[in-house]
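Here's what Swiss-Prot has on this protein:
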ACT_SITE  270  active site, proton acceptor
BINDING   109, 111, 112, 131, 143, 144, 194, 201, 280  ATP binding site
BINDING   271, 280  Mg(2+) binding site
């Protein structure tokens with residue numbers, strides 16, 4: 001583990017770790033200055049205890065997983081010791097704004113998250129952020145706390161998405177407390193330690209654009225380019241290149257969401273990462289019975305963030321990012337006037353945004369081709385995949401199990417169809433599609449066994465279904481955290497058979513259909 005110009009051994013004790021986190025480092029977000037953030041200690045969390053811990057995330061950070069058992073671990077990762085840190089080492093909350101449900105909402109956060117420092121390992125730097133660490137100057141009406149329920153969901157989904165191969169923030173730990181907080185009912189507090197190379201959002205850029213602060217806007221863009229998109233610095237227009245890269249990553253990310261049936265639930269612009277990673281797990285959900293119009297957030301009464309809408313919303317959010325970057329685009333070129341520069345900037349930004357569909361479509365087609373076990377590219381492959389989704393929608397066939405069981409279908413005959421066919425109400429419709437699928441498979445050189453193995457590497461058996469998370473949460477509320485870690489362990493091997501855990505891959509029980517998730521966390 002190291003920091004910028006200083007090499008250091010991995011933190012072996014909690015005091016070492018605390019000192020490392022608090023050390024100043026070159027190029028960190030906090031060096032942007034007071035216009036971007038406020039330093040403050042975390043609010044005390046009484047009698048904290050460990051609810052969940054990711055050995056895998058710890059190793060990514062160069063930490064010894066045994067640290068979780070050290071006295072004071074829970075205290076450090078709910079922020080309690082930060083009250084005694086010097087002013088120059090205090091955690092910070094950053095300021096950002098954004099659009100919520102398509103409407104400009106102004107300043108939004110960080111309302112309950114404090115970044116406590118950075119760690120570097122294997123040449124990569126990571127920020128550690130405590131979500132639920134108390135009120136900040138940007139909290140608006142909130143109490144600054146997160147609840148155990150939502151914190152467990154974020155921890156589990158962060159780990160699940162990472163092991164599905166989808167870019168995401170990570171979760172090192174969940175720390176709980178019996179401190180009560182009021183939501184729709186009385187719940188208990190928790191803090192999630194989130195990990196990412198950066199927590200900069202589209203909303204950070206929107207904040208400085210909306211407040212007419214061009215110097216800060218440019219400083220933020222330069223920080224992101226220099227730290228995360230260095231190749232953009234060599235482009236003819238670095239800021240246009242930044243927009244292009246962020247748009248491309250966003251398009252490819254949402255294609256990966258669609259391919260596993262993941263609904264984010266609240267794709268506001270302040271919940272969009274400039275690095276194109278999944279961030280802010282709130283009212284998310286993996287689709288069970290497939291419905292393209294599925295809305296996982298019961299607060300989303302108009303279905304703005306439905307599954308089928310996610311690509312369109314991601315594109316719209318990129319337009320918001322582009323608008324925020326317009327004052328910077330073209331600054332490196334000579335223009336006869338500011339009006340001419342601005343007019344050209346709009347044209348260039350539109351050209352970048354116009355490529356979103358060209359990036360999203362092929363990314364989704366590649367993913368769907370892998371899910372169908374197709375190596376060769378054929379013109380009708382996208383139509384074949386869409387036809388499957390249509391009959392899945394009509395029968396409300398389980399999304400995850402349908403694709404997983406497709407691996408059993410033979411290219412020669414229908415003997416292996418039963419497991420997937422039985423998921424459909426309209427089995428004649430499936431039979432018609434399966435005949436088309438078999439005809440397409442006949443063009444492939446791979447035998448059934450090789451294709452099935454490849455498909456099982458593309459189609460997870462295990463995803464974080466809402467009822468699985470709910471079961472773990474209910475037990476955790478009774479101070480039994482074993483199911484949280486058991487479920488996390490299963491989700492870290494989503495493509496493996498794990499026959500001893502078949503129950504986690506089964507169709508949801510009837511009571512799962514009554515579960516609702518919302519922005520209340």
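In case you wondered, yes, glycine gets a Cβ from its N, Cα and C as well.
Annotated features, which come from Swiss-Prot, shown on the structure.
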residue : record                       : DSSP (3 states)
109     : ATP binding site             : strand
143     : ATP binding site             : coil
194     : ATP binding site             : strand
270     : active site, proton acceptor : helix
280     : ATP binding site             : coil
- Item | Spatial separation of the residue listed as 'active site, proton acceptor' from residue 112 (ATP binding site) - C-alpha basis, Å | 14
- Task: Please work out the number of neighbouring Cβ atoms within 10 Å of the Cβ of residue 280 (ATP binding site), leaving out its own Cβ.
- Result: 23
- All-chain count of other Cβ atoms within 10 Å of residue 271 (Mg(2+) binding site): 23
- Item | Cα-Cα distance, maximum over 109, 111, 112, 131, 143, 144, 194, 201, 280, record's ATP binders, Å | 22
- Note on the structure: residue 270 (active site, proton acceptor) and residue 109 (ATP binding site), compared by Cα position, are separated in whole Å by 9
- Item | Separation of alpha carbons, residue 271 (Mg(2+) binding site) and residue 109 (ATP binding site) (Å) | 11
- Message: Out of 143, 270, which of these recorded positions shows the lowest number of other CB atoms within 10 Å of its CB?
- Response: 143
- Message: Counting Cβ atoms within 10 Å of each candidate's own Cβ, which of the binding-site residues 112, 194 comes out highest?
- Response: 194
- Task: List which of the binding-site residues 143, 194, 280 have their Cα within 10 Å of the Cα of residue 271 (Mg(2+) binding site), in sequence order.
- Result: 280
